[in-house]
Amino acid sequence: MASSPTPSLDSMRGGANSIESYEHAGYLSDSPLTLSGSSPPASDSAICSDEYTGGSSVKSRSEVTVINGHHPISASVSSSSSASSSSCSSSSSSSSSSSSSSSSTSGLSGCGSTSSSVISANNVASSNGPGVIGSNLQSSNNGGNSGISSLVVGAGKGSNSSSNSSSSNTSANGSPPRCTACKSKCSDAVAKCFECQSYLCANCVTAHEFMHCFNGHNVCLIKGFEASTTGTPLSVGSPSNNPASNEFKYASSLTMMLQQQQQLDSQQQQQQQQLLPAQPMSQLSKIVLAAAAQANSQEQQREDSIYGSLHPQQQQQQQQQQQRQLFCPRHKQELLKFSCRTCCILVCKECIVLEHSTGLHELENVQSPGMTTSTGSTANESALQTLLADMRGKIGEIVGIAGNSDQNLTKVKLQYQKAHNELNETHQFFASMLDERKTELLKELETLYTAKVNSNNSWQQRSRDLIDKGLATCEAVERSPAPPSSLLTEALLLRKSLEQQLQTGIQEMQLPFEIEFMSNYQSIQAGVRNTFGYIRANSSDGGPTGMSLTSNGHGKQPPIARPTQSASNSSASSAGSGHHGHHQQSHHHGHHNHHQTAHHQQLQAQSSLHGLGLGLSGASLLDSSSSAGGAVGAFSNGGLLLGGRDRNALAVEQHFGELMPKRGGGGYTGSNGSATSAVAHYNPYEKWSNGGSDNLFSSVTSGVSGSSAVADAFASLSAVGGSVVSGAGAGGSTVSSESLLDLTNKLLSATIYPPKSQIKRQKMIYHCKFGEFGVMEGQFTEPSGVAVNAQNDIIVADTNNHRIQIFDKEGRFKFQFGECGKRDSQLLYPNRVAVVRNSGDIIVTERSPTHQIQIYNQYGQFVRKFGATILQHPRGVTVDNKGRIIVVECKVMRVIIFDQNGNVLHKFGCSKHLEFPNGVVVNDKQEIFISDNRAHCVKVFNYEGQYLRQIGGEGITNYPIGVGINSNGEILIADNHNNFNLTIFTQDGQLISALESKVKHAQCFDVALMDDGSVVLASKDYRLYIYRYVQLAPVGM
């Protein structure tokens, strides 16, 4: 071992102060300060305090370093930027742990401690956990040097290494340092924490990495401590001592702030020490400082000569690497250290936890620049090269496409010229057709004018002849020599014929003969747009060909509004509706076994009652009555009025008591007054439905309190078939099927159905809505009627605006026709519309005062009008497959069937069965389905006026607003009781499915069905909604 260039203090004192081994069986203390053996002599302490009075240890917890078996000098030596001027203080040595790495900073640690670690603020590495793990630390202790030079070399190099890592906790025999952070005293240290001032084993490093209590701790991994403990000399010029490779890397911004604060404190302390008055320096201190300055100067020159050209490049690379560090845009404090191959983006730790789970996404670690290995670098370079190759390939494709731009322009130009020529040809054809039509109309006008002139001339000739004959007759009578009495008989004979001729002449003169050209400019505009043609372009860019123009050709936005969900959202909502239906089916499955027998009996009763026209309602009547106590069975038992009614009322009261807490949230006492008061103040929305009275639950309360609804039904039965109460026990009179049918209907409308539907309804949402209040295009003041033609165009009767508006299936305005008036092509309060499917003609009914029917063609041109002297209160209108017009009237409860010319084919009254009809539809079997708002059902008649059956009822179809029949022949009954509800039946009355809207609507006017499985709803909020209903499996009550 080479001798130290500076004499040892022990040799100067004349004796070796050996310290016994640091590692022994009895580990004395957890602190690295504890030593076994003799303490430093008093002379050493005197040396330290001779020059530096009041100086303390370099660190708060000093460490003892054993070098070559000698005890080091207990003094602190700090070298300034110049080798000649230096000051020594414990505070400056302590502050050197946070100063930046520079080759001019060195120092001797006092009281057995080497120079503290120099932490550079520029050397920042990524954090792998709560503890900040630094880069590998290599020992800077030169085994070949000893004494003062060996102490000074580590500090004089200006590197970030610390001799503490190899010598502070190392015994004289070269054993590695032990962990001082845990209770296990036999674990080798692999790192050091500068916050805890402890050496760490592998377990402690793991704890610092993952435990939150160690967040922000600076942990430095120790590399090569085995070599340093065995005494293997490390050359000063070796790459392992390179400051760039031995720096501590930190990624914590808080650590950098603390380091900067420590640097400022260190600089302030140094300035304060420089301002202190110079104290006399002992001879020994002068020798030590001179030796330290000389060694530092030699070491610095050696490093400058070896790494002078390399170090600036490494610093520049480090700065570039720090600039290349990217932070997550969402999590500002996290680095983008991972790459998600699945999503082809860089992510941080938080992004992995939230969105890029390991099981579903393929992740790889993007190594930090300071930690990149050769293998990782090669993989990243290959990935980068692959990406660049792909980009070059895409660029080549773009270049190829751009090269064909001339050909594309030529092709587009040819297509433009072709379209231009075809457009001109179409215009010429239209012009020729207009000229031809103009010639025809002029010829017709000339013919009519000539005929009128000729007729006038002939009449004038005849009138002159008549005048001449009349005057001649008068003169002949006056000149006659016979007495007047003899001529009186002849004059009386000629008087009658003469008066007739004069009257005929006067009437012919007063007959109006008007010639007028009738034209509909809006219809012409719509017809030209529909028939002239259109430009079709598949361009998707935002240029002129890609701009979407509205159908009215003016380029303005159509009056259409859609819900916030897009088309994808509407499809997702349909899937959500299916899921909801599955949940409902699973809910019903739990009750299937319980109701299986009852459902079977219901089907049998239904099949047996089809002959009476009861359908589902009759079956429900039998089923519900049997469950309520046998009200229908009481017909043969004689207890009809007392026992049957009391049991039925009791069942309804019990059901109502169960229903009210669910709907209103309040308790139900069971008394009549409490039930009535609970209904009176409950939910004012219940009064919104069409035809609804204030007594919303009048049927239920009447059943509870013994109202006259059921009694009236029984009284009618008594009037038809005799006294039921008195005659039932004694045999009574037999009730006819017709009277039983009437009684069944009245019972059905009185008490058999609950006030709120007990069937489970599937949710549906509207996918389009349009319209608003106003008088402009696409605006309404009262959209009271709606119909759909074969092209799925929506035809709306705007009553108070006295017009008909036509929209496409997306709700975009097309055209309108009509104006206020009583003349031809004028409308006055149109309230319902229907469409002839074959021809597209539009049938319009008007309410009072005209109460007539007008027919327009599909372009809005007037055809004819009729029915003003026949109709009184037209409410619903429809057209069958043979073009016959069926009109149902409210108030007078009458159905009238017209042909296209206005002739009455059939007419019948149905006041016995209808209460307030408001919608009508027909099937191909000449059956008329009429929705009755106040009877809560649909009544079915044939063309001869015979009542057939009933579909739906209270509790299922409350206050229906319209009825329709779809392409599958199913009957759809719409009502807006609470929500907008759709209930689908077969034509025989069997329930198929039930739906309801997610949003509530106020009063609704009318509904119409589209071919794509949608229903158009006209509401009193001046808007039209298009709902798509879903066909579901049959559901039970």
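The backbone N, Cα and C atoms fix where each Cβ goes, glycine too.
Keep in mind the model is a prediction, meaning the values are calculated, not measured.
Taken residue by residue with DSSP, His331 (Zn(2+) 2 binding site) is part of neither helix nor strand, so it is coil. The number of other Cβ atoms within 10 Å of the Cβ belonging to His331 (Zn(2+) 2 binding site), over all protein chains shown, comes to 15. The Zn(2+) 2 binding site annotation in Swiss-Prot covers Cys328, His331, Cys351, His356 and is backed by sequence analysis.
Residues or ranges marked as compositional bias 'Polar residues' by Swiss-Prot: 31-42 (among others).
According to Swiss-Prot, the feature compositional bias 'Polar residues' maps to 54-63 (among others).
The compositional bias 'Low complexity' feature in Swiss-Prot is assigned to 159-175 (among others).
Marked as compositional bias 'Polar residues' by Swiss-Prot: 543-554 (among others).
Annotation source Swiss-Prot lists compositional bias 'Low complexity' at 565-577 (among others).
Annotated compositional bias 'Basic residues' per Swiss-Prot: 579-598, in sequence order.
For the repeat 'NHL 2' (814-859), residue counts in helix, strand and coil come to 0 helix, 21 strand, 25 coil, using DSSP. Annotation comment: Swiss-Prot describes 814-859 as repeat 'NHL 2', evidence class sequence analysis.
Residues annotated as repeat 'NHL 3' in Swiss-Prot, with sequence analysis given as evidence: 860-901. Residues belonging to the repeat 'NHL 3' (860-901) score a mean pLDDT of 93 in the model.
As annotated by Swiss-Prot, repeat 'NHL 4' applies to 902-944. The list of residues near the repeat 'NHL 4' (902-944) in space but at least 6 beyond its ends in sequence, with Cβ under 8 angstroms from a Cβ of it, reads 613, 617, 690-691, 742, 745, 748-749, 753, 853, 864, 866-867, 870, 875-878, 880-881, 884, 886-890, 892-896, 950-965, 969, 971, 973, 987, 1006-1007.
Sorting each residue of the repeat 'NHL 5' (945-988) by its DSSP state yields 0 helix, 21 strand, 23 coil. Look at Swiss-Prot and you will find 945-988 tagged as repeat 'NHL 5', backed by sequence analysis.
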If you count CB neighbours within 10 Å, which one among the binding-site residues Cys328, Cys351 has the smallest count? Cys328
Chain-mates of Cys328, His331, Cys351, His356 with C-beta within 8 Å of site centroid, Zn(2+) 2: Arg330, Glu334, Leu336, Val347, Cys348, Lys349, Glu350, Ile352, Leu354, Glu355
So for His356 (Zn(2+) 2 binding site), how many other CB atoms are inside 10 Å of its CB? 19
